[in-house]
């Protein structure tokens, strides 16, 4: 299959391969994407900084160096990194016990959290330990995201209702009930309606008005910037701030200074677990997003380079006074739809944000907080993923329970508690599944060489041959159950003289399992029953080769069940002399 | 195969079946065993009570009702329960943070520990939850026992050296060094030499002197009682107590009173974890011992009835002022060798111990403590099981590390820490093993219907058919690795048009794995590659039946690799039209 040259992966073969082999044909796409993404992420970044309990300009600071850092090391051609909702929430809740939001110390802790997490991600990438993230199963990730989305929505309700005092918990919100500011609520509801319209019907209307479909979709994606513009104009025109609508407030102009304050040992220690959690979640989210983007363009992703890219992005964030960043879903989708071919699109977006910080940034000080809250609300509501819950519940009850417990755990126990609970549940349910093995008595499908369960098929058996297929790795959690299944099968067929264990589905036998098999074989030998094996896989055979069980207790190892069945069927050993 | 009636399992079919169907022929064996075991366990029980930090008579109290309780509910015809070294050590170390050894409160806690553990075991038995013990793998049990044996030896050294102050830790022992009491040490070394001689050469010498082999072996097993007799005579004759040899001291005559003091809530709470640990270890030790004894006599063991039996034994211990009990290795072996046919042997032993408590028990007050210490030392030294370590290390390095870490954990972190560390390591190494799956590209062995790895065998393949055998359950910890293996195989064979996944070794696919397979199938479909399945097991097919992956994405499911290979080999699909 020949490939369209525009679709050929520009990266994937070494650092900055996209730059070294850059083609003129890619430039217009990267330029468009850079402009569109920068316009889109200005309100978003400010909103997520507010969610994180930080001054809104910190969101803009975290939208420059991280994009360049990722471009240097990352392997995705389309991923756009920056502040996202989940890392914003994690920054807020993980730092809450350590400092008061709004203080200088809190800001410094947020910067160090990005630093620590950047170092961890980069080191994991150097050590090629990206596989560690595999221990977060999909139900845990999905449950975590849904729980986090609910937490985020709860955290933004006071902004929407125009409450002056920010209650930190839902309980506090109810107990310290205040009159709703109806002006704020009105602005909020209008903004919500506009954003929902933009998300659903706007692009269709624009197309009917004559725009090309691609342009219509992109314009609809930029709807939030229109809300921001109208809100700014209204605040200035009607002096809403004096009418009691909370606004962002003074916003410094200019680029962030390169900042470096050495963290103390006690701060580092208290930030260690938060940094582990935020690194893990950022990595898992970014890499799965990068993979789904890469699939669209038939490119590939290197998980270890993603670690380096994300690590560099977070180091960049912390050096320029920003907070933790991660690959963002909506910004990456806009990036790819606007035509991004390489990370140059991100570099261009970074340059535009820097230009805005140098020019019109102070204008955003007039923005009502409720507009930022609405942007967050509309962005995170789709993250509550009931569909995954339904699917998991139907496919495997244990996974449905894991997903639900993780989500409830995040709400009730907090972010750390929810993740730890989910990981433990997914490990336990995996062990539990392995601890209930399926052991089938099999016979030959007449006229063939195939062997199937006597319970599910009409098959031929030999009365003195008992053929058992063990459908699970044999290890400590199931060796007792397998022992019982084997002995029970033996009781059902008491005339057995030859027992054949078919190991086609056994990939490992641990020491506990080996001891069990050895004891069973010994017990059967005392009853004059010989044990044979069939279909032992190569790697398992290598491991068993030196054991006493295989060399001294097992009669024969057959390459196939068919050969074993024929050989044993014709074997008529004389019964052993009676034992007193 | 007909069975010798004497070997027929008398029990195993209901509670007290052995009593309901009792035969005269069994009586002489039960009687002999009862007498021999009672003589053997008198010094042993006192020694283990001392190890537990309790008055020595508590060991005798724990040797009456427990044997009767076990006889009522247990399923083993040969197991002998009572105080054992490991539960003695666990009682001492688990109670050490809660009370001072030797105080009334400490004794009461030990009794309640047996009570709680009895209740737990009994309830677990009623709920048929015996399988929970399967989560202790053999390496963890072996490492735990070896670590505990070393702790026990360290705890007895001060008695052997005749130190007056009992240091509680090895460190304290070194720092508070005192002059060794050479008289005590001399008695101890003489006793050790005699016991070692009894264990190794005595039965041979007795046989050469004309005794029947069975009688010689039994007599040799009773050697400790001779040490006790000589030591009592020597203490009385030379007044060793006044010469500075510590002795047991005043020992009350008479049966234990039925005791009942209701424990307080705070005591119960602090005893909860210790009771869980002691129940778990007692059950695992007893049931594996019972199984190996049952195998000798071709009888069988019911794990849930063992829980009830052990639970009743511990309840009995606590009601009669005793401490936690468990099935003991040496006492059970002596029991079976002396001819025990049913638990009546235990009931007889209990009656003899009761008789001794009513008569000559106060005599034992003159027994030097060093003699009890030597009995412990000689009994537990063989529990340090370097052979298991060597075997585990050779068979599977991860299990060797688990065993060693558990043993070192018990020594360094204590009993709880060691067990928790071991359980975590065995679960993690199981996940780790599953996270590195083997995926083989297979082809047909020429002239047969068998398919083997292209890496290990000379096989035939079709250039446009890629047949992959996944040798592992597909779940969250390995789905990334399996994805990579499949894509790498595809890169090695870029002419592939039909991909065949052989699932003969896949027993489960979790939601994360299903998502991965679905994404891969989608990606391959975009490259005009169809995915087919072969050898899907019945239970897995049931689970997959309703999924979109199977119903919409998979082209065909073949019953065997052979049929799939023939069908796909003849299939020549026209290449898809070029995609721009």
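Heads up, the Cβ atoms here are built off N, Cα and C, so glycines get one too.
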From B:80-100, B:248-268, the residue range that TrEMBL assigns the feature transmembrane segment: B:80-100
Annotated range (TrEMBL: transmembrane segment) out of B:367-384, B:385-402: B:367-384
Listed stretch, out of B:210-234, B:271-294, B:367-384, that has the most CB pairs under 8 angstroms to the transmembrane segment (B:80-100): B:271-294
Result, the transmembrane segment (B:306-330) in contact with the transmembrane segment (B:271-294) (3+ CB pairs under 8 Å): yes
Intrachain neighbours beyond the transmembrane segment (B:25-42), with Cβ under 8 angstroms and 6 or more residues off its ends: 6, 10, 60, 63, 80, 82, 218, 221-222, 224-225, 228, 328, 330-331, 334-336, 338-342, 344-353, 356, 364
Maximum Cβ pairs under 8 Å to the transmembrane segment (B:210-234) - stretch from the list B:106-127, B:139-160, B:367-384: B:367-384
The domain 'STAS' (B:455-568), counted residue by residue under DSSP: helix, strand, coil: 51 helix, 21 strand, 42 coil
Local confidence of the prediction over the domain 'STAS' (B:455-568), expressed as mean pLDDT: 91
Dominant neighbour of the transmembrane segment (B:139-160) in B:48-73, B:106-127, B:180-198, B:306-330, B:404-428, by Cβ pairs under 8 Å: B:404-428
